[in-house]
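Just below is one structure, and these are the notes that go with it.
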Amino acid sequence: MITFHWSDYFIFGLLLLIYAVIGLYFKFKYDYGFKRNKTVIKEYFLANRKMGLIPVTASILVSFMSAISILGTVSEVYVSGIEYAVIGFSYFIAFPLAAYVYLPTFYRLKIVSAHEYLELRFGRLIRICVSIVFIIQMIFYISVVLYAPALAFSQVSGLSLWISILSTGIVCTFYTALGGMRAVIWTDLMQFVIMLCGMLTVVIVGVIRVGGVSAVWEISKKNGRINLFNFNPDPFSRHSFWSLFFGGTGMCMSIYATNQAQVQRYLSCRTEKIAIGSLMINTPLTFGFLWLLIGAGLVTFSSLATCDPLTSGEINKGDQIFPYFVIRLLHQYSPLPGLFLSTIFAAGLSTISSGINSLSSVIMEDILSVCPRNDVDIANRVNRTALYAKIIALTLGAITITFAFLFSLASSTVLQIALSLFGMAGGPILSVFTMGLIIPCVNAKGAICGLIGSILVTFWIGIGAIVTGSGVSNRLPVNVSGCLNNTNNATVINVTNKGFSIYNLSYLYYTLVAIVVCTILSIFVSAITGFNSQKKISKNLFFVLVPKLSKYWPVQFPDQITDVVEIVPKETTNFIIASSEVQLTQHISIEDFNKNRI
């Protein structure tokens, strides 16, 4: 077995040390004396709303371009060809919609958690429900993301997978809990540079070793991997142009439009223009990075075309293909294998850190805010809030480490597990936000029924697919003629067709299913409960074009909100912006509400 050289371990260890130092730096700079101020929560969760275009752009890119994306996409191309690349075209629909329909409303309300919007629009109950769904979704997702780099480290180092998971989780939790959003964003920027350099190095060296770009293309084409457009209309086909484009658009929207981990980044920007710009710039960047991963997948397949390591028993999981290829390709060029492993870890840690930070903000803002507080000393309350945020982050790290061990037993690829989670849980969340922003006649009763109904349907289909083993792709032919001590020339692994079953529905359609179910239920229940015809709703809670069409909706659009809004008296608002600190005092407009909160 080929393993790391000491120089590889040095490069890898240096990376982890730098991450830990960044967390400590921002903890002491913004918590213990360099810039001590009273806006503790705003600093910890939103970097005091002072982040610039470059770091936020990089952070958005790498936060969900995780180790799952690297290992999963390369494995997907190796096994099924480049058809997965079609999902990249959905970015050009999803990103502009997120930037111009959803983002402006969140930014102008100057909230900490995106779920605060739901309370303003529908009430506290749906805010809490959505927050619970989000917490469940992100805990499972972060666990999958934690498992991916640990799997790579185990493959190249020979260490136990459990030790790899534990060490990865501890380091990431450490710098996230201490440093807050500034540590997350600035480490994301560094991780972006490492990821780009690492992937370019692997692809360039791999292409040279295979014999050039034309050789990679010919080998891949000969073995059926150049299969970009598959127009099969069957929704039960795992991947097709339709599921990857339309289903991919919905899935991307659930990530970039309403996921708290991303919304938190938008809200940390100095201006709304910077927030929108950072997301729009990510459209070509994310598309380009996806194709870099597609290229890495083709290079990996071309290099291993005559000896499939999964069939030959060299590895036991498809997600180990890329680490296996890299360690064989670069082992004589130390410390390049260490740089590669740093790439995988950079991708994983960026997602884990953003997820833990966003979960902390949701728990603090959306869950604990309903708990009564007895302490009246504002300064003491602020200090306790900051301490609780760090304790929550540490606890979440421990929970995700535990679940990562469980995901190591799963049979599906990490990419499919992750995207399924975004469809099952992210789809209903996206649906509720969409109802609130786009369809003003939907009321609180309709929204909660739509949320519950869409959750039941998507989880029923998703869990059913996992239990029955549905939705597994047919592997394209692989060759083992070049393996040592081999008597076979090729093998094709087929999955038995189980016929029609709702569980065979492509996992990429889960989000669209959630939107359809939520829309129908929300409008129906709202209709039988009187819509919002007797309730005035602020224009600020809708997409900007919706009020202009108000005459077509059974709802009024006053200039100011007339509902009771909870705020803190002016003399105490500078100490905290968290809604957990609000007190019921008076009726105010949305504009005054914003001025008092920030």
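Cβ atoms are placed via backbone N, Cα and C, with glycine included.
Predicted, not measured: the structure shown is a model, and the values here were computed from it.
As recorded in TrEMBL, the features of this protein are as follows:
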TRANSMEM  6-26  transmembrane segment
TRANSMEM  52-72  transmembrane segment
TRANSMEM  84-103  transmembrane segment
TRANSMEM  124-147  transmembrane segment
TRANSMEM  159-180  transmembrane segment
TRANSMEM  239-258  transmembrane segment
TRANSMEM  279-301  transmembrane segment
TRANSMEM  339-359  transmembrane segment
TRANSMEM  391-411  transmembrane segment
TRANSMEM  417-439  transmembrane segment
TRANSMEM  446-467  transmembrane segment
TRANSMEM  507-531  transmembrane segment
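Contact count against the transmembrane segment (124-147) (Cβ pairs under 8 Å) is highest for 417-439, out of 84-103, 279-301, 417-439, 446-467, 507-531. Counting Cβ pairs closer than 8 Å and at least 6 residues apart in sequence, the transmembrane segment (84-103) and the transmembrane segment (446-467) reach fewer than three and form no contact. The stretch from 239-258, 279-301, 446-467, 507-531 with the most CB pairs below 8 A to the transmembrane segment (417-439) is 507-531. Stretch with the most C-beta contacts under 8 angstroms to the transmembrane segment (239-258), considering only 279-301, 446-467, 507-531: 507-531. Here the transmembrane segment (446-467) has Cβ contacts under 8 Å with residues 118, 121-122, 125-126, 129-130, 133, 412, 420, 423-425, 427-428, 431-432, 435-436, 502-505, 507, 510, 513-515, 517-527, 529 of the same chain, all six or more residues outside its ends. Listed by sequence, the residues of this chain that lie at least six past the ends of the transmembrane segment (279-301) yet keep a Cβ under 8 A from its Cβ atoms are 53, 57, 60-61, 65, 69-70, 73-78, 82, 84-85, 87-89, 91-92, 95-96, 98-99, 103, 196, 199-200, 202-203, 206-207, 210, 216-217, 219-220, 223, 225, 256, 266, 321-322, 325.
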